[in-house]
Amino acid sequence: MSKKALLMILDGWGLGDQKKDDVIFNTPTPYWDYLMNNYPHSQLQASGENVGLPDGQMGNSEVGHLNIGAGRVVYQDLVKINRACADNSILQNPEIVSAFSYAKENGKSVHFMGLTSNGGVHSSMVHLFKLCDISKEYGIDNTFIHCFMDGRDTDPKSGKGFIEELSAHCEKSAGKIASIIGRYYAMDRDKRWERVKEAYDLLVNGQGKKATDMVQAMQESYDEGVTDEFIKPIVNANCDGTIKEGDVVIFFNYRNDRAKELTVVLTQQDMPEAGMHTIPGLQYYCMTPYDASFKGVHILFDKENVANTLGEYIASKGLNQLHIAETEKYAHVTFFFNGGRETPFDNEDRILVPSPKVATYDLKPEMSAYEVKDKLVDAINENKYDFIVVNFANGDMVGHTGIYEAIEKAVVAVDACVKDVIEAAKAQDYEAIIIADHGNADRALNEDGTPNTAHSLNPVPCVYVTGNKAAKVEDGRLADVAPTILKIMGLEAPADMNGQILIK
């Protein structure tokens with residue numbers, strides 16, 4: 001039997017420990033309580049390996065909506081590369097083979113550059129160590145490492161320890177630390193080309209403070225009051241590790257935003273006014289796709305094409321769908337939900353409600369929830385859509401402020417909106433699944449009572465609003481939502497979706 005389906009995503013609405021830190025539990029939510037008492041519900045895992053992230057890593061809205069829409073676990077870049085390093089399949093990666101074979105056959109140097117820290121946001125030391133090992137295996141003596149120091153995703157003076165770790169690994173593997181510079185210069189993303197020039201001059205022209213002991217040079221920088229992020233260019237005086245014509249460069253950052261500008265000046269665009277010119281014949285490898293417009297660069301781990309998402313599949317059946325959210329979460333119910341696709345599918349309507357223009361959302365905890373609700377109720381009453389997905393942003397966006405009283409107000413607003421939407425949906429014969437993409441408002445305090453502004457690792461709810469009194473809903477993970485929606489709609493899930501159907 002086929003029904004129209006409504007998928008409601010309450011952003012940041014996890015299932016907490018029901019103690020003081022759990023604002024959702026501690027705030028009066030009469031309609032949520034009614035749903036819990038009258039409809040089948042279960043828990044979904046929304047973090048770590050269940051959503052394609054490393055074990056123990058909290059989920060986020062981008063990853064959450066990607067998994068929800070895909071109907072399968074979508075492995076994130078970090079996990080894909082970790083796996084390739086662990087099972088040695090990286091050795092068969094055709095781009096790795098081409099890079100190291102070319103260097104060996106042509107007597108060229110190999111350069112690894114990237115953020116040298118264990119912050120886990122832009123790069124991984126594990127990947128760098130593996131690259132050193134591959135260089136050793138190919139017998140490439142001229143292997144140079146250019147270290148961009150962190151201090152943002154790590155402690156501001158942790159960099160010296162990372163340089164020590166890397167030096168120790170190079171002793172038994174391959175590679176020499178040729179240069180060091182702070183990410184402030186090497187990883188700018190705001191077109192401050194004068195900063196990028198500092199990194200360019202270091203890498204290409206060997207301009208910087210000469211040092212024979214790179215660990216000692218880090219300590220000297222600290223002694224001068226300059227911490228990791230802002231480390232001025234340091235050159236290893238014991239070797240010439242500058243990047244030359246025809247060399248191999250592997251930029252081992254897997255996150256793209258702060259890897260673009262340096263890539264531009266080395267490979268894409270001459271900037272004579274800034275004294276920066278691209279290097280002829282450079283064999284340049286990016287860990288992941290940094291920018292679709294880049295020409296002549298190699299990509300070690302290409303973007304996974306997520307085909308047959310929930311939105312695409314519903315469109316292929318000639319059905320009508322609506323995606324609605326306020327600005328803060330609009331990209332999540334469109335671009336991410338549709339597998340990283342910007343353009344709407346056939347018969348896919350979108351409603352964007354502007355988020356309020358306030359400095360921080362504790363100043364307006366209800367955000368634009370009531371406006372989203374009003375537009376959604378109107379759309380439901382049009383009786384035009386076979387499938388609707390909506391996101392209410394409050395639990396997450398107000399949760400990030402860490403201000404308890406504001407989060408309480410956000411929860412109250414969401415509860416009121418859920419009521420109006422679900423009652424309208426029931427009246428128009430929709431069945432609804434209510435979930436969250438990850439937790440946040442369910443853990444507003446740390447153990448010591450200080451505000452917690454981060455996402456939680458808690459599971460999230462899955463409520464099945466149906467007229468079928470015998471219905472049950474099983475525990476699962478976010479990847480199980482799309483096949484479950486299709487079941488409600490009387491459609492068989494495509495083979496690409498390996499998530500489980502949760503309703504029985």
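The count begins at 1 with the first shown residue.
Just so it is clear, glycine is given a Cβ too, placed from its N, Cα and C backbone atoms.
Feature annotation from Swiss-Prot assigns Mn(2+) 2 binding site to Asp11, Ser61, Asp437, His438; the stated evidence is sequence analysis. Residues annotated as active site, phosphoserine intermediate in Swiss-Prot, with sequence analysis given as evidence: Ser61. The substrate binding site annotation in Swiss-Prot covers His122, Arg152, Asp153, Arg183, Arg189, Arg255, Asn256, Asp257, Arg258, Lys329. Marked as Mn(2+) 1 binding site by Swiss-Prot: Asp396, His400, His455.
Annotated features, which come from Swiss-Prot, shown on the structure.
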| residue | record | Cβ within 10 Å |
| --- | --- | --- |
| Asp11 | Mn(2+) 2 binding site | 27 |
| Ser61 | Mn(2+) 2 binding site | 25 |
| His122 | substrate binding site | 24 |
| Asp153 | substrate binding site | 16 |
| Asn256 | substrate binding site | 18 |
| Arg258 | substrate binding site | 21 |
| His400 | Mn(2+) 1 binding site | 19 |
| Asp437 | Mn(2+) 2 binding site | 35 |
| His438 | Mn(2+) 2 binding site | 28 |
| His455 | Mn(2+) 1 binding site | 25 |
Asp437 (Mn(2+) 2 binding site) to His400 (Mn(2+) 1 binding site) - Cα separation in whole Å: 15
C-alpha spacing of Ser61 (Mn(2+) 2 binding site) relative to Arg189 (substrate binding site), in angstrom: 22
Residues within 8 Å of the Asp396, His400, His455 Cβ centre (excluding the Mn(2+) 1 site residues themselves): Asp11, Gly12, Asn60, Ser61, Gly395, Met397, Gly399, His438, Asn440, Ala441, Thr453, Ala454
10 Å Cα neighbourhood of Asp11 (Mn(2+) 2 binding site): matching binding-site residues from His122, Asp153, Asn256, Arg258, Asp396, His400: Asp396
Integer Cα-Cα distance in angstrom, Arg258 (substrate binding site) to His400 (Mn(2+) 1 binding site): 24
Listed in sequence order, residues with CB under 8 A of Asp396 (Mn(2+) 1 binding site) and six or more positions away: Asp11, Gly12, Ser61, Lys329, Asp437, His438, Asn440, Ala441, His455
Arg189 (substrate binding site): tally of other CB atoms within 10 A of its CB: 11
Rounded Cα-Cα span from His400 (Mn(2+) 1 binding site) to His122 (substrate binding site), Å: 22
Distance from His400 (Mn(2+) 1 binding site) back to Asn256 (substrate binding site), taken between C-alpha atoms, in Å: 24
Most distant Cα pair in Å, residues His122, Arg152, Asp153, Arg183, Arg189, Arg255, Asn256, Asp257, Arg258, Lys329 binding substrate: 29
Neighbours of Asp11, Ser61, Asp437, His438 excl. site residues, C-beta within 8 Å of centre, Mn(2+) 2: Ile9, Gly12, Ala46, Gly59, Asn60, Gly64, His65, Lys329, His332, Asn391, Asp396, Ala436, Asn440, His455
Whole-number Å value for how far Asp153 (substrate binding site) lies from His400 (Mn(2+) 1 binding site) (Cα to Cα): 18
